[in-house]
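Colleague: Sharing the record's features from TrEMBL:
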type	residues	note
DOMAIN	271-364	domain 'Transglutaminase-like'
ACT_SITE	Cys279	active site
ACT_SITE	His338	active site
ACT_SITE	Asp361	active site
BINDING	Asn401, Asp403, Glu450, Glu455	Ca(2+) binding site
Amino acid sequence: MEPVAALELRSVDLHSARNNKGHHTQEMGVERLILRRGQLFSLQLSFNRPFQAHRDHITFVAETGPEPSELLGTRATFFLTQAQHGDVWSVSDFSADSTSLHVSLFTPASAAIGHYTLSTEIAQGQGHRVTYPLGTFILLFNPWSTEDDVYLPSETLLQEYIMKDYGFVYKGHESLVTSWPWNYGQFEKDIIDICFEILNKSLYFFRNPAKDCSQRSDVVYVCRVVSAMINSNDDSGVLQGNWSEDYSRGTSPLEWNGSVAILRQWSTQGGKPVKYGQCWVFASVMCTVMRCLGVPTRVVSNFRSAHNMDGNLTIDTYYDRNAAMRPTQKRDKVWNFHVWNECWMTRKDLPPGYNGWQVLDPTPQQASSGLFCCGPASVKAIREGDVHLAYDTPFVFAEVNADEVIWLFEDGEAQEILAHDTSSIGKEISTKMVGSDQRQDITYSYKYPEGSPEERSVFMKASRRMLGQGRAPSPLLDLLGSGAFRARPARLQLHLARAPVWGQDVFLTLHVRRLQDGAHPWGPLRLEIRFCAQALMHGGSTREPLWKQTVSLDLDFGKEIHWPLLLPYTSYGNKLTDEKLVRVSGLAKVEETGSSMLVLKDFSLELPHLAIEVSMTAEVGKALRVRISLTNTLTVALSNCTMVLEGSGLIHGQIAEDLGTLMSGDTVHMRVDLYPSKAGPRQLQVLISSSEVKEIKGYKDIFVAAAGAS
C-alpha cells in the first residue's frame, strides 16, 4: 500500500463577494473580506489531494493586534473536526468535494473588532506541522446579531442608522430650526481603514497596544476611545476645534459638506488634526466612524444647550442697564444649539433598564477619566435623573435640564434677578426621522414635559445627587416654586414683523400689555425701555452692541401697545458671525418702582436658496446631468463665490468650482455631469460659499438604478 502524500494547501478562496453581501458590508467593496462578528462565513480550501477526515488534522488560527494572545482574546485556535458550542471561534460545518474543502467558520459576538489574519496548521505526521496563511479579514460589530451588544431588532432602523450614508444636522435656534445636509460616506473606499487608524492613534493604544486591542470587544470602550479621538485636545485626534471666528489657517466649520474629506485629510497628513471643527462637525464625523464600525448611530441637536461646568444645574447670565449681554469669566454658557451623537447598545456595566440609546459627545468640553470625551450616558438615565450612572451623566443632564437665572449687573455686581426660567434649556431636541428627510423631535426621550410634576421631581432628585447631601443647598433650590420673579406689572414680547433676510432691514414689533400686580394694581405705569442688538455667537456669548434704541411708554391697566422697531442692514451688515445670528434685548425700567424687566428675541437671518434639478433617471455608470442655480436675492454682491459638490456613490471625493462675483439680483447657472458608481438612494450635497456668506447649502435626493436597469 503506497503511503498517502502529506496534505498540502494549494489555494484558498475567501468568497469575499458572497460573504460581504451576507454580512451587510458589500457597500464597502467586495475585493477583500469584511465580516460582522457573531455570524458564519464560508471559505474554500484546495489541496494537492482529497481531504481524509480520519487522517488529516487541520487547525485554524485567527489573530488580531500587535501581540496576539489567547489570554487577552486576540488569538483563537480551533479545530476542523472538533465540535464547539457557545459563543466561541469554531468550525460550524465542512464538506469535502474532490480536492476541495468547503468550510463554514463562526466568529463569536464577543470578539474584538479589528484587522485579523487567518491561517491554518496542517499536521504532517510525527508532530510536524505546516502553517499556511489563508488571508486577512476585518471584523466589525454586528447589529443584526441577537448576541451582539449593539443588536438592533429592526431592519428599518438598521437601514437608517447603519446603512444610510447621508443625513441632516439641525442648526439655528429653537424658533427656527434649519436642516443641513451631510455626507457621512462611511462606505467610501479607505474610510474603514481610517477608522481603525483612528483607534490605533489613541492614547490607550500607545500606552498598551495589546490591552487596547483586546478591549475592542467592548462597544462602551470603543465609543469612549472614538469620542476622545475625534477631537484633538489630548492626542493626534481628527479635528481641531475653533470658536474664535478666525479660520484663516484652515477651513471654516461651516464650509464642510461631509466627513469623507475630513477623514482623508487627517489620514493623508499622518494624523495631524484637521482645521477646523465645531460641535456639528465633531458629531457628524463620529457618526461616520461609528456606523462604519457597525454601531447604530445618529446625530442629535439640542437647542439652548447648557454648558454647566460647576455642576450646580444653574446657568447665570448678566445684562447691563443698556440691555447688553455682558461677557463673563464663568465657563457656564447657554449655547444656541449643541450637537452630539446617540449610539445604540446594551449597557452590561449598568443596572438593568438602561440599554438602548446612549449619548456620546466628541466635542471637547470637559475631561472624563482624564481625557476630553463624553459618554456613553444612558438617555433613560438622563430622563429619570439617575445622574450617578456612568458615564458623564450629570454633564449631559445639565445640558438639557439646567435652569437659567438672568441678572441685572450694575456697579460691578449682580443687583437684581431679571428672570428665573426653569424651562428655557433643552428645547427642540432633534434628529433625522427614520426613512424621511423630516426632522423628529425627541425631547420627550430626554425629559418629562416641562413644568410637569415628574419633570420637577426628577430635577430635584438629580440636584440632590449632584450637589451632595453634605453640602449647603444651592440658592436655586430655594428659588424653585417661588413666584417672586413671576409677578410683573407688564408683559413684554418681541416679534418679527416679517421673515428676516440677510442684506435687508429687519422689522420687529414690541408687544406690551399692562398686568395687575400687588404694587400698582390699577394705576398707570411709565416704562423706559432700552434696546440693544448684538451678534450672537454659537457658544452663547455675544459681540459688542451693534444697534441701540430707547423708547418711553405710558401704560394703563389692560392696555396693550404695539411698538415698531427697525434694525437697519447698515447697522449689522459687517458685524455678524458667519452664522448670521442676532439677539435683540430690551430692558424696561418701571419708573414708579425702579424694578426692571427683560425681553429677548433671537433670530437667524435667511440666506438665498439653491435650486438643484435632475432631469433624467440616474443609472450606475451613465452620465447624469445636474443643473444648479442661485439667485442673489440680497441687496449686496456676493464676492469670491465657490461651489463644492459631494455625495457618496455619486461623486468620487468632491467637485469644486470658482464662480467669481454674483451681483445683487443676478442668477448663476451651473451644469455638472455626474457618473454614479453605486445603486440605491443617494444624496447630492451642494455648498456655495462667498466672502459675505459662508453657508448657502442645498441637497437633492437621487435614486440610482443598477447598471443596465433602464
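Every residue gets a Cβ built from N, Cα and C, even glycine.
Whatever TrEMBL says is automated annotation, not expert-curated.
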Colleague: Report, as a single number, how many Cβ atoms besides its own are within 10 Å of the Cβ of Asn401 (Ca(2+) binding site).
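Modeller: Result for Asn401 (Ca(2+) binding site): 26 neighbouring Cβ atoms inside 10 Å.
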Colleague: Quiz question: given the recorded positions Asp361, Asp403, Glu450, Glu455, which has the greatest number of C-beta atoms lying within 10 angstroms of its own C-beta?
Modeller: Asp361
Colleague: How far is it from Asp361 (active site) to Asp403 (Ca(2+) binding site), counting Cα to Cα, in Å?
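Modeller: Each residue's Cα considered, Asp361 (active site) and Asp403 (Ca(2+) binding site) end up 21 Å apart.
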Colleague: Give the sequence-ordered set of same-chain residues, not counting Asn401, Asp403, Glu450, Glu455, with Cβ within 8 Å of the centre of the Cβ atoms defining the Ca(2+) site.
Modeller: Thr422, Ser423, Ile425, Gly426, Lys447, Gly451, Arg456, Phe459
Colleague: State the count of C-beta atoms found within 10 angstroms of the C-beta of Cys279 (active site), not counting that atom itself.
Modeller: 27
Colleague: What's the CA-CA gap between Glu455 (Ca(2+) binding site) and His338 (active site) in angstrom, rounded?
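Modeller: Roughly 22 Å, rounded to the nearest whole number.
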Colleague: 10 Å Cβ neighbour count around His338 (active site)?
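Modeller: So the number of other Cβ atoms within 10 Å of His338 (active site) is 26.
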Colleague: Roughly how many Å lie between the Cα atoms of Asn401 (Ca(2+) binding site) and His338 (active site), rounded to a whole value?
Modeller: 14
Colleague: Need one number: mean pLDDT over the domain 'Transglutaminase-like' (271-364).
Modeller: 95
